[in-house]
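Asker: Provided herewith is a single structure, encoded as structure tokens, for subsequent inquiry.
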Amino acid sequence: MVDPISNAAPPMPADSSERLDPPGFAEAPHYHGHRERLRERFREAGAAALSDYELLELVLFRALPRRDVKPLAKALIARFGSFAETMQAPEPRLREVSGLGEAAITEIKLVAAAAARVTKGQVKSRTVLSSWSAVIDYCRTTMAFADREQFRILFLDKRNQLIADELQQVGTVDHTPVYPREIVKRALELSATAVIMVHNHPSGDPTPSQADIQMTKTIVAIAEPLGVAVHDHIIVGKNGHASLKGLKLF
């Protein structure tokens, strides 16, 4: 038997939290307005108007479209220290953060890769010694926040333009093995007439050690008789950079 259709209105929910919205009029999550306001601030005033966690929120929006990402962004900054350090954090450490999935990690690494590509382009397109600030920016972007020591060589031609940028060695948290004769051999293979050596200090303090100074002098002694100049040895860290040439240490 079919029940008769009642003309009476359906009962209202007893609790207003159970209110039924008409189709097409569902209330937007509270964070949608926040996202639009944050984007608007970025469009109008740029990144300088945003704190580190707010800039990180913008990075996470696309990977996590249905979540309030502010707590996650704040947690990442608290864990790693800054926006830059979060971008450079190793993927295994990022995976330790609760709520940060592979899509979000990919977004973070994409931003880091884009920044490195931009700064490298600024170095490649100019004479290196006439764009020293671009060299420093590139070295800090690619190496300053790494959790292990890295040793990189910029090989230059006779016009001091970049021929090659090669990561030679990756070591431990406080040591990288360096082979001076291999560095000079590689310079000759590339027909480079000069090199700039770069390595990082994961501790954040770029102060040269005695081992750094001695290794630099050894490379200079091998390279110069073969026509390869050592323009500088730069050490980068979270807290700045040091130029052994500028400090007159070789």
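Every residue, even glycine, has its Cβ placed from backbone N, Cα and C.
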Asker: If you look at how Swiss-Prot annotates this chain, which of 1-27, 28-54 comes out as region 'Disordered'?
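Answerer: The listed stretch tagged region 'Disordered' in Swiss-Prot is 1-27.
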Asker: From the DSSP assignment alone, can you count helix, strand and coil residues within the motif 'JAMM motif' (199-212)?
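Answerer: DSSP classes over the motif 'JAMM motif' (199-212) add up to 3 helix, 2 strand, 9 coil.
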Asker: Restricting to the domain 'MPN' (128-250), report the mean pLDDT as a whole number.
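Answerer: Mean pLDDT across the domain 'MPN' (128-250) comes out at 92.
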Asker: Report the same-chain neighbours of His201 (Zn(2+) binding site): residues 6+ apart in sequence with Cβ closer than 8 Å to its Cβ, ordered by sequence.
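Answerer: Within the chain, His201 (Zn(2+) binding site) has Cβ neighbours under 8 Å at Glu149, Asp174, Thr207, Ile235, Val236, Gly237.
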